[in-house]
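Colleague: Got a structure for you, written out below as structure tokens; questions coming shortly.
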Amino acid sequence: MSSKPEPKDIHQPNGTGPTPSPCSSDGPGREPLAGTSEFLGPDGAGVEVVVIESRANAKGVREEDALLENGSQSNESDDVSTDRVPAPPSPLKETSFSIGLQVLFPFLLAGFGTVAAGMVLDIVQHWEVFQKVTEVFILVPALLGLKGNLEMTLASRLSTAANIGQMDTPKELWRMITGNMALIQVQATVVGFLASIAAVVFGWIPDGHFSIPHAFLLCASSVATAFIASLVLGMIMIGVIIGSRKIGINPDNVATPIAASLGDLITLALLSGISWGLYLELTHWRYIYPLVCAFFVALLPVWVVLARRSPATREVLYSGWEPVIIAMAISSVGGLILDKTVSDPNFAGMAVFTPVINGVGGNLVAVQASRISTFLHMNGMPGENSEPTPRRCPSPCTTFFSPDVNSRSARVLFLLVVPGHLVFLYTISCMQGGHTTLTLIFIIFYMTAALLQVLILLYIADWMVNWMWGRGLDPDNFSIPYLTALGDLLGTGLLALSFHVLWLIGDRDTDVGD
């Protein structure tokens, strides 16, 4: 650095706008400011003001870019004069004990929510609407999967925004809330409508029977359930994330499990109640079905306009449909498996366990995906390689046994599977739910299916989140729908396989058909 810089050298950063140098917390971006404060004389105050204004302008552009890209603002941590809040603690400082302690309570809460949902499904499977319109079973995993498609994605997106300082001012907070709530209403309405079409198609193909009143019943029930459930759960999620930040808890550890704690129960209760109420009007007020569908579809333009106003959700509104729709299709396949399995009286006992195994797997993998995504956002922006060498397809040893924080959290989450499911199975047994006696062989088969499900999901999450990041996709918006849908498919498929194997080997003590 020259001892007598020319004035144009000092003024140049303001003329060129936000240069790459201010984006580094300890790089050469600080040198021009140090130079100005070192060599400005008493008559150089005007130049100093220009330089500081340039820095503020650069910071404003960086904040706008970060909002559009959902990127990291951790690069400003060294500048005490312009920081709005202290930099959030790095995930690397979290120990296995602290991760487990923060995850345990919301995990158990979410698990008891899935147990309650399983108890509800065990009861409503005998209702006339479920017996006469069996395609409603196909809607169950698809609509319960909305917590992964929409609410968990919302929780992950807002958790990242909160951790990197994009919800610290009232204006930013309000913009995030309105934009994200409008976005999930758009997605819920569209996904609910598409889920009903998938249920009609999957129900029609095997039997070759198509009923127009049943199709409208499925459409009205699905759209109304998706809309109301997303509205309620979205508001709960926003409150959880804001509250967790205020009391110093990492939202990534608690938001996604709490999104599922009431998600399954609320969604299943709404689906059962709405479909039953509409079914009662099947012979008298059939025109009410298309009216219900038209009402919710007519609200779509309002939600689209509100979602477009927020830069953080505008891009998702245009590009975030692929994972949501594909995830819905994957969950519908799991619903088809559920429909064909519980329709057999020999396997009616499977209904109470399906929401539990699917919910636990989806909750754990959503926590892991949200944590990895936040870790990547703190070290760069999507498409940037924050590591010395880009991550390729990881090995299982890298995923579960490496010393980094993401591997540590994977081990903690995997170790929660067995004690968690034992608690949930014991709860089901005490409440006398289901048609299955919890024998030792049944518990072994059930635990094997649950462990295999979570093991596969955590490994896929490690690969998928890093792969999406390398391709410039924000994992908060794209990864969780795929992972939770795969959790539904794996959980339902492995559980159905376990029940069939138990039946074939003659384990009559399980009373699966009682």
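Glycine residues also receive a Cβ, built from the backbone N, Cα and C atoms like all the rest.
Curation does not apply to TrEMBL; its annotations are automatic.
For reference, TrEMBL lists these features for the protein:
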COMPBIAS  1-11  compositional bias 'Basic and acidic residues'
REGION    1-42  region 'Disordered'
COMPBIAS  13-24  compositional bias 'Polar residues'
REGION    58-91  region 'Disordered'
TRANSMEM  99-124  transmembrane segment
DOMAIN    140-274  domain 'SLC41A/MgtE integral membrane'
TRANSMEM  181-205  transmembrane segment
TRANSMEM  211-242  transmembrane segment
TRANSMEM  254-275  transmembrane segment
TRANSMEM  287-306  transmembrane segment
TRANSMEM  318-338  transmembrane segment
DOMAIN    354-497  domain 'SLC41A/MgtE integral membrane'
TRANSMEM  410-428  transmembrane segment
TRANSMEM  440-460  transmembrane segment
TRANSMEM  480-505  transmembrane segment
Colleague: Could you check whether the transmembrane segment (181-205) and the transmembrane segment (410-428) come into contact, where contact means at least 3 Cβ pairs under 8 Å with the two residues of each pair 6 or more apart in sequence?
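Modeller: No, the transmembrane segment (181-205) does not contact the transmembrane segment (410-428).
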Colleague: Tally of helix, strand and coil residues over the domain 'SLC41A/MgtE integral membrane' (354-497) according to DSSP?
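Modeller: Its residues fall into 109 helix, 0 strand, 35 coil.
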Colleague: So which residues does the transmembrane segment (318-338) touch in its own chain, when a touch means Cβ under 8 Å and the partner is 6 or more beyond its ends?
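Modeller: For the transmembrane segment (318-338), the nonlocal Cβ contacts are 137-142, 144-145, 148-150, 183, 187, 190-191, 194-195, 198-199, 202, 350-351, 354, 358, 477-479, 481-482, 484-486, 488-489, 491-493, 496.
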Colleague: If you run through the domain 'SLC41A/MgtE integral membrane' (140-274) with DSSP, how many residues end up as helix, strand and coil?
Modeller: 119 helix, 0 strand, 16 coil
Colleague: Looking only at residues six or more beyond either end of the transmembrane segment (99-124), which have a C-beta under 8 A from one in the stretch?
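Modeller: Distant contacts of the transmembrane segment (99-124): 130, 140, 144, 249-250, 253-254, 257-258, 260-265, 267-269, 272, 276, 351-356, 358-360, 363-364, 367, 408-409, 412-413, 415-416, 420, 423-424, 427-428, 431, 433-435.
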